[in-house]
């Protein structure tokens, strides 16, 4: 496997691009909650599939990069077809995905790459939405970038820990940045819990009570797709403001269509996830290792008590 060219000091870039915390203004979540409630059932189906099929396998490189590959074309399409007023450039991921593929598949991966049929079907649907109304394409983009800044952070961190890529020298810049990210996430979660308590919120699915995921603050070679050099709360708030402006101007008929396409994001993502290669092999491998480990402990115990 060939490796990508050395990347710049991304840790320093994160520091340079970070904005003051006092700019993390509260964003009205009324519309966000409306769409979230309307998509909750299909969202849960996606979560169940990810947890069932990928919880163990995601630390396997083949599974991880094939998973990135199935979603690569979507982000590329959004970034090619949505104007910056709807999709700010600091959210763009195409180049980061491609650097990850250069690392794992080699720099000539494009020569043999062809989007699989499920991806082609998805892209054809996005083309229809773009032709009909860019707002409907934005419905897909909003969900996909929010996912990358939420669940994507958690999955990448778990994978990096499993692959032993989450080890920082003591008092290093990376360690300080990650500790700060964890402190920020804990503080955001505490604020959410306090708001929920003060407002009498008991529903764990209410957005005001949701914990903030810890941000991946380092970018090892081959792990760039989920890395954002700007603090995620700032990026999320910026995207939510765009969403509020877009959704707030829609009439009832268009809002219903927006919600239907937001539901389609999860339906169509499920079809893509089912095409990811290597999941069963990776799960069986991890299971076999676990069985051998447990058997070894049992044999050692039996020998010790004789």
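Yeah, the Cβs are placed from backbone N, Cα and C, and that goes for glycine too.
All TrEMBL annotations are machine predictions without curation.
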Range annotated as region 'Disordered' - as stated in TrEMBL, picked from 1-24, 25-48 = 1-24
TrEMBL record, region 'Disordered', of the ranges 187-209, 210-232, 233-255, 256-278 the matching one is 187-209
Greatest inter-residue Cα distance in Å for the heme b-binding set 36, 43, 240 = 18
